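Taking it in order: structure first as structure tokens, then the write-up.
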Amino acid sequence: MSPPVLSDLGYVPPDGGWGWAVVFGASISIGFAFTFPKAFTIYFKEIQAVFSVSYSQIAWTTSIMCATTYGGGPISSILVNRYGSRPVVMFGGLLCGVGMVSAAFCTSILQLYVCVGFITGFGLALNLQPSVIIVGKYFLKRRPIANGLAMAGSPVMLCTLAPLNQFLFENFGWRGSFLILGAILLHCCVAGALFRPIGARTALVKTPVTEEGNDALKGKITEDGPMENRTEEEEGKDCFEKINQYLDFSLFKHRGFLIYLIGNVLMFLGFFAPIVFLAPYAKHTGIDEYSAAFLLSILAVVDMVARPATGIIANSRWVRPRIQYFFSFAIAFNGACHLLCPLASSYTGLIVYSSFFGLAFGMVCAMLFETLMDLVGAARFTSAVGLVTIAECCTILLGPPIGGILIDTFGDYKYMFIKCGAVMVLAGTFLFIMNYYNYRMLAKEEKERKRKEEDPKSVRTEDEGKKNWNKDSTQDGPELEPLREKGERVKKEMNGTVEV
């Protein structure tokens, strides 16, 4: 049996086993991180009346929560690199619970900003990144499938939290609901407990390897957990060097990472706004409130199926080597759906749009982090996801307000959908072209590297030079004869006391 191919992690991920329990825990944490800000909006009207504030003021609660969730990405990545995924997620779940329980006792909107926006938002940040990171440490061959299943937790949680929040609000009010939601968010601690650290000991036990492969693994593996031997090395380093030790800023020199970053920052300008305005657009066309809300349910159900299905397709031998093209197509397909949305004037047309939108949205979400991991590798993914989320934070916040401005300016929702569609088609086209360029450059660089390795001319010249030097240095010439005779006399004199 040939030795296993080492990943850039330094070991062979098990691609199963306990990894499926990790995927289950990740789906819970990711589901809460992506869904909770959306499901929280059901309490807006009651809180607005209690605190006597405007709708825009109460809407800042979810905006701050989303900004903190994405803006806390680098801090989350540093903590994961320092302590591992398990303690970070468990601490994040504790913060979420504390934030929501504290919010139940708030007496002003500013206190709500702090408790729900900052404390709960930062707790969700500590749930999102580590959950995505740990999946990449357990899977390699089946990683797209695992990522698709983990990301499927978001639509599942959306279908669960929306009716649950309505039930809690009707029976316990918003303060009682916040107390119960705080207890529910503590389940993130249970999900984090499933994130068992993986490294040399676990990988070697579960992966059968040959003696050569075992030696290679032992030489290269680093444990996913606290780095206790770094204390002495960190002494004498300035603040920037210590941060760079846990957050790899050299990624900004990585061509593939920069392409992904630019394309995704552009994409998020039109990614979330159509979800926010889908139900209001349906009401604007004369559809009743219940039927308008049902469109989001259709979108969530299709999204739920699309994510794992996309993971299976992306894991196939035809798509996996060129997954960046598949991701670019998914983004452009998403944009095309939004461009065609204004043509859906009837409820049947909106159902068709919601179905295709759910499919396209699920495709993008299933590959959102898989494509980044494919570009930078699992070892550098921890730093990469933190740097990407902080950059995406601005456009995520700007997307819905820009859409709202277009609606207020023209008095029609179709311009918002056209804007979002055009931006996403542009982002998909940019990623497709630049990934084609990146693949060409990588193939050219690999060909050049192999040419240098296989070129025998330089190697032969170097070997001949060494042989000639050795031959000249060991050749017996007349001028070396006196020195050789002197050396032999010295050896004979020492032979009586020292063994030669």
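Just so you know, glycine gets a Cβ as well, placed from its N, Cα and C.
Taken from TrEMBL as is:
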TRANSMEM  17-36  transmembrane segment
DOMAIN    19-439  domain 'Major facilitator superfamily (MFS) profile'
TRANSMEM  88-110  transmembrane segment
TRANSMEM  116-136  transmembrane segment
TRANSMEM  148-168  transmembrane segment
TRANSMEM  174-195  transmembrane segment
TRANSMEM  257-278  transmembrane segment
TRANSMEM  290-313  transmembrane segment
TRANSMEM  325-345  transmembrane segment
TRANSMEM  351-369  transmembrane segment
TRANSMEM  381-403  transmembrane segment
TRANSMEM  415-437  transmembrane segment
COMPBIAS  447-474  compositional bias 'Basic and acidic residues'
REGION    447-500  region 'Disordered'
COMPBIAS  481-494  compositional bias 'Basic and acidic residues'
### Task
Grab the same-chain neighbours of the transmembrane segment (290-313) for me: Cβ-Cβ under 8 Å, and only residues 6 or more beyond its ends, written as numbers and ranges.
144-149, 151-152, 154-156, 158-159, 275, 278-280, 282-283, 319, 326, 330, 347, 350-351, 354-355, 357-359, 361-363, 365-367, 370
### Summary
Contact set of the transmembrane segment (88-110) with the rest of its chain, CB cutoff 8 A exclusive, min separation 6+ beyond the ends, reads 25, 29, 32, 47, 51, 53, 57-58, 61, 76, 79-80, 116, 118-127, 130-131, 175-176, 178-179, 181-183, 185-193, 195
### Message
Under 8 Å between C-beta atoms and at least six residues away from its ends: which parts of the chain pack against the transmembrane segment (415-437)?
### Response
259-260, 262-264, 266-267, 269-271, 273-274, 277, 281, 324-325, 327-342, 399, 402-404, 406-407, 409
### Message
How about long-range neighbours of the transmembrane segment (381-403): same chain, 6 or more residues beyond its ends, C-beta under 8 Å?
### Response
63, 66-67, 70-71, 73-78, 80-81, 128-129, 132-133, 136, 246-249, 251-252, 257, 260-261, 264-266, 268-273, 276-277, 369, 372-373, 375, 416, 419-420
## Note on the structure
Tertiary contacts of the transmembrane segment (148-168), defined by C-beta under 8 angstroms and 6+ residue spacing from its ends, are 23, 26-32, 34-36, 38-40, 42-43, 131-132, 135, 176-177, 180-181, 297, 300-301, 303-304, 307-312, 314, 362, 365-366, 368-370
### Query
Going along the chain, which residues at least six beyond the ends of the transmembrane segment (174-195) come within the CB cut-off of under 8 Å?
21-22, 24-26, 28-29, 32, 36, 43, 46-47, 50, 84-90, 92-94, 96-101, 103-105, 120, 123, 127, 130-131, 134, 165, 168
### Query
Across the domain 'Major facilitator superfamily (MFS) profile' (19-439), what does the pLDDT come to on average, as a whole number?
83
### Query
For the transmembrane segment (17-36), what are the same-chain contacts with Cβ under 8 Å, counting residues 6+ beyond its ends?
65, 69, 89, 92-93, 96, 120, 124-125, 127-128, 130-132, 134-135, 138-139, 146, 149-154, 156-158, 161, 185, 187-188, 190-196, 202, 206
